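Just below is one structure, and these are the notes that go with it.
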There are 4 protein chains.
Amino acid sequence: MSHNTFGHLFRVTTWGESHGPALGCVVDGCPPRIELTEDEIQTFLDKRKPGQSKYTTQRREADAVRILSGVMSDDHGVQRTTGTPISLMIENTDQRSKDYSEIRESYRPGHADYTYDAKYGIRDYRGGGRSSARETAARVAAGAIARKVVPGLIVRGALVQIGPHKVDRSRWDWDEIGNNPFFCPDATTAARWSEYLDQIRKDGSSVGAVVEVVAEGVPAGLGAPLYGKLDQEIAAALMSINAVKGVEIGNGFEAAALTGEENADEMRIGADGRPQFLSNNAGGILGGISSGEPVVARFAVKPTSSILTPRRSVTRSGEDVDVRTKGRHDPCVGIRAVPVGEAMVACVIADHYLRHRGQVG
Amino acid sequence: MSHNTFGHLFRVTTWGESHGPALGCVVDGCPPRIELTEDEIQTFLDKRKPGQSKYTTQRREADAVRILSGVMSDDHGVQRTTGTPISLMIENTDQRSKDYSEIRESYRPGHADYTYDAKYGIRDYRGGGRSSARETAARVAAGAIARKVVPGLIVRGALVQIGPHKVDRSRWDWDEIGNNPFFCPDATTAARWSEYLDQIRKDGSSVGAVVEVVAEGVPAGLGAPLYGKLDQEIAAALMSINAVKGVEIGNGFEAAALTGEENADEMRIGADGRPQFLSNNAGGILGGISSGEPVVARFAVKPTSSILTPRRSVTRSGEDVDVRTKGRHDPCVGIRAVPVGEAMVACVIADHYLRHRGQVG
Amino acid sequence: MSHNTFGHLFRVTTWGESHGPALGCVVDGCPPRIELTEDEIQTFLDKRKPGQSKYTTQRREADAVRILSGVMSDDHGVQRTTGTPISLMIENTDQRSKDYSEIRESYRPGHADYTYDAKYGIRDYRGGGRSSARETAARVAAGAIARKVVPGLIVRGALVQIGPHKVDRSRWDWDEIGNNPFFCPDATTAARWSEYLDQIRKDGSSVGAVVEVVAEGVPAGLGAPLYGKLDQEIAAALMSINAVKGVEIGNGFEAAALTGEENADEMRIGADGRPQFLSNNAGGILGGISSGEPVVARFAVKPTSSILTPRRSVTRSGEDVDVRTKGRHDPCVGIRAVPVGEAMVACVIADHYLRHRGQVG
Amino acid sequence: MSHNTFGHLFRVTTWGESHGPALGCVVDGCPPRIELTEDEIQTFLDKRKPGQSKYTTQRREADAVRILSGVMSDDHGVQRTTGTPISLMIENTDQRSKDYSEIRESYRPGHADYTYDAKYGIRDYRGGGRSSARETAARVAAGAIARKVVPGLIVRGALVQIGPHKVDRSRWDWDEIGNNPFFCPDATTAARWSEYLDQIRKDGSSVGAVVEVVAEGVPAGLGAPLYGKLDQEIAAALMSINAVKGVEIGNGFEAAALTGEENADEMRIGADGRPQFLSNNAGGILGGISSGEPVVARFAVKPTSSILTPRRSVTRSGEDVDVRTKGRHDPCVGIRAVPVGEAMVACVIADHYLRHRGQVG
């Protein structure tokens, strides 16, 4: 059972609400003797942190992580994991006090307000409670650890679509990612998005997005044929991010329109005498098992449900109401989903790396 | 850990290879006192059975299921589940003997041959071994039981795209599903697909497809906010089906191109005094929890990798080779994926139904 | 996988070392709308707290618990669980700085020092690290929540043996438990233990103990026939407590010496028209499933391994050494194991209560 | 969740009732390329098989195992595991038809009849259904595979007590185990038991027993400090065997009466320059982690509940009744529990071997 846990050998349990004192996670199963400091984790948290541009929520959170357990200095003074659970905590510091009475009574369309009440009969209405995007900070922190578990693993993400505007793949440059507030791998596209999103933001509207995550350095052999497929668990991990409505691996939905001839990734023996693939439609995974090619996953993020335009809804007590959401929100929540997607993919790969080592040796 | 098991309270463990004596599954956690006969399960297996039209593999399998445990007659002679594990077995009867020496040495492009060897160092090359579509018979059998766990649940699937040809949704009629060999909900589209697929089949080629599964009668409140999201587990379940490369819920990837205004599912109090949704972009799931609306999922199936046209590949011993796959194959493996997709969705919903009942009562 | 997690629907993940900044746990799966305050949890922590008598370690810890997530005030201002994970944290305040260089290099006999190094190649030698009895504070906190999950459940524990001295069962009085520092249900025995343990303590020695836990109000039907037996999971839960070397249910090892006639718990229809048992050799569990009788479990706790008398051992670098352990220790760690045992039994029963409700309804 | 599954990386799911067509298990997670034949498994099944002496039930079952999946011949014709699930089936052949109407209506004291009805509201009354000792055949089969997973592992069991009569440990000789029908390691004790049990059998009575299992060749480092303790999982595995009421590790309950000085297992550097233990009170496990010493576990088996002497009970419909159980039964079910205990310990060790390899490498 895994309502708030993901992973098996590399396991992450997250906790915390948007407006509680803190949030965090427990990372269980991290191998011992891996170098790990708060600073390393902080680096990744800083990428996800809100309030870094006008395109993300203006909530101001330091998102400062503390390691509460699971590491110690070795004989040489280097801080390392001990093999025991690593508890990470991030305090909430900017839970702006405001009047939640409206949200408390009304179900915001597109939000989980209605379904939470249907399920639990009680709901933390303050800032989305458990469904707040703040929870993803814990994922990013866990992902920072996961990256260190698999030697040579590099996981990078990019935003490849905002609203109807897709990135120009012919100009893909990973080095551009850090040069714009969108994790966009193409400066020209970034400029276009900037203009488009300015208007969305001014309108109090929001828009969806597509994120692509690429993992390089994944050894061949990770995963399992059926219910432990590497792609299946990546799909689950990405779909577990708030607002995600679709996931695909490799060429994904495009594969439906192709013939077997077009879709086949052919192979040849390379100059180094080793098998190599001549294309990567499969996104690095065949039969649920990694092929050694880069693992490529994409996920669709729906537009932020919090918008200024009133939408029709109902109250808990059964009355019609119109709801408009004021306050600090991301006009495109897909932007901050990039480091979150990276983290989730890193966690799944780390888990499968350990599982493979366990079963096959 | 779940390499061959899926589900938590309603758990299914499958076993068996294409060319072994049998395949089957153990369904653990089915509630007691549910009426269950082999005939009921057989009905669903017959929908998935190969060789029913020229568009599916000509392998002839009776796919006759036996219940080996977990049911007994009650005081009134009605066969019911007892709450103990239900073991189901389907014998393989048409493992045509043939020469596998070529497949044994060469990696078929698009198949899991290479990755199996990379992982296990040993591989059942006969008919795909564990990755054979035959394994899905066990899923369909389990799904037949799952359908009975949730009162009022109806799960139906349809093929909505073959190659580049999408179904005409304006003419959607569930009753058409059984009138054509494609599970197509529109007779006109079915006729077009028939023509298109004839050519594919004659060419020894193959093509991809998209399947849509709709579950009605899902009570509001199933699922969990983050790592037990109903949509996440549906995504994982569908992605665990062979050849699936993408999954989406509700409007899925389309949501990326929409604004918050367009995507919101507004609500009003209905004539019966209860909240109702005015649209279902969310596909029946908000914040990972079912809303009471129909749950809608789609998945993309890549073209069958077994094709007559030679493709470049390599051998186990490191030589270049050209591979063409003769023998009995589905030109569009997406067709038979329809009842499999239904079964997986039914299993996930049954599992979450029991989990919700456990946690919330 | 459950290296630091126990339970399935009611799941507890603990973290923290003896000498880190804090320890705690995440309780996942607690049903919503249950009243819960820090004070209620604190009550149970106070029973386990060190330094309350001369018979337990003189380490001074407030063991003050904080609820970091998973509760909120309902419409009437009553604090309730929300169904989301409950994160509990207890800060370490009395990690007395001392010289650990000896422990760091030498393996203390009876401790896990050697096996930790054998497993992880790194070890938090400060105060036992993860194996410290301090970890059990997190269990007691989780148990306080578990008690509230099952209506009518009462879980009580008693020390029934210290060293060779067993409690006099003919004078068992639950009300005596709080009147002595041993959780002893008989004042006379308590007086004898007091004398005995004074000597042990003065000698810098230690001694083992046996704890009995009785759960009343357990509804019939919890558990499962084979691998989810209620007694099996109680056994695992109790054996997971540090220093526990044996567990028994009902008459336990005594049953080995009995005949079927002697051991049978006969039944009769009671005055209320309902079946009742005439004895409870089974300890409330038949075939792994609760019978409605009190669940009775006992566990043996070995003597504290930290003693003043030197014992032969070896160092990490492979030299013979004699080890004696100074510092603050429990002469009989079994005493403080009483509330821990109660907590574990409560957690298992809560978990099975939810699991039963899930599977059977 | 694990109602019918045990283990994590080495997972066993069992199914089947006493009077169904067959029983069996699915072993998931067995590493690939391990040599495995039906004959090897059969060897262990034959040790557990009923009807081999007058001291076990006279039911005649061939207990012939079939491997239905998960193995294939390698390039050299040697049958090996493939890493996919291994399905094992044993057909029931001697389900003697008889009149179950009495058992159907009455609850046999000491059996799970009452609790099954309380839980499920339906019960397979024929021969104990799921709780039949026949289920343990599946465990023994799985254990035969587990033994091959850990290089150098030897797991042996012995009966050490029947009724009040304990084995004479000073004459322990493993080679004697096969020379008597009791798995007794001492010929003299075996002779005494023979006489004692003859009388029990003639009286239609039954008696309890204690079994000891010793695992040699367990590498140091298996297990985990708290909720994945090796001893905890051995305790759970043994307690999951029918009729087991207590489990202990090493000196177990005796440890309660000892001082720290007496209980400590001292260490010295051995002639080979490696650390060695001078005693093994701990039973090979410290802090939940194996020390490299033999792992020693004991479990108490209650007397068979089926006896000829009438016992007071009640019927499903609420009437008092006296029950005596005719038919084929083991006068001491503890005898056949010996190979079952071995199998369970082997499975736990195999599982932890893989888990350790996964987490630590």
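Placed from the backbone N, Cα and C atoms, the Cβ positions cover glycine too.
According to TrEMBL, the features are:
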BINDING   B:ARG48, B:LYS54  NADP(+) binding site
BINDING   B:ARG130, B:SER131, B:SER132, B:ASN242, B:ALA243, B:GLY287, B:LYS302, B:PRO303, B:THR304, B:SER305, B:SER306, B:ARG328  FMN binding site
Distant-in-sequence Cβ neighbours of B:THR304 (FMN binding site), under 8 Å, six or more positions away: B:SER206, B:ALA243, B:HIS329, B:ASP330, B:PRO331, B:CYS332, B:VAL333
Subset of B:ARG48, B:LYS54, B:ARG130, B:SER132, B:LYS302 (binding-site residues) with C-beta under 8 Å from chain A: B:ARG130, B:LYS302
Cross-chain proximity of binding-site residues to D (CB under 8 Å), evaluated over B:ARG48, B:LYS54, B:ARG130, B:SER132, B:ALA243, B:SER306: B:ARG130
Rounded distance in angstrom between the Cα atoms of B:SER132 (FMN binding site) and B:LYS54 (NADP(+) binding site): 19
Per DSSP, three-state class assigned to B:ARG48 (NADP(+) binding site): helix
Rounded Cα-Cα span from B:LYS54 (NADP(+) binding site) to B:SER306 (FMN binding site), Å: 16
B:ARG130 (FMN binding site) to B:LYS54 (NADP(+) binding site) - Cα separation in whole Å: 25
Local Cβ density at B:LYS302 (FMN binding site) - other Cβ atoms counted within 10 Å: 30
Which listed residue (B:SER132, B:SER306) has most other Cβ within 10 Å, given these are binding-site residues: B:SER306
Sparsest-packed among the binding-site residues, when each Cβ's other Cβ atoms within 10 Å are tallied, from B:ARG48, B:LYS54, B:ARG130: B:LYS54
Cβ neighbour count (within 10 Å, all chains shown) around B:ALA243 (FMN binding site): 23
Rounded to the nearest Å - Cα separation of B:LYS302 (FMN binding site) and B:ARG48 (NADP(+) binding site): 18
DSSP three-state assignment for B:LYS302 (FMN binding site): coil
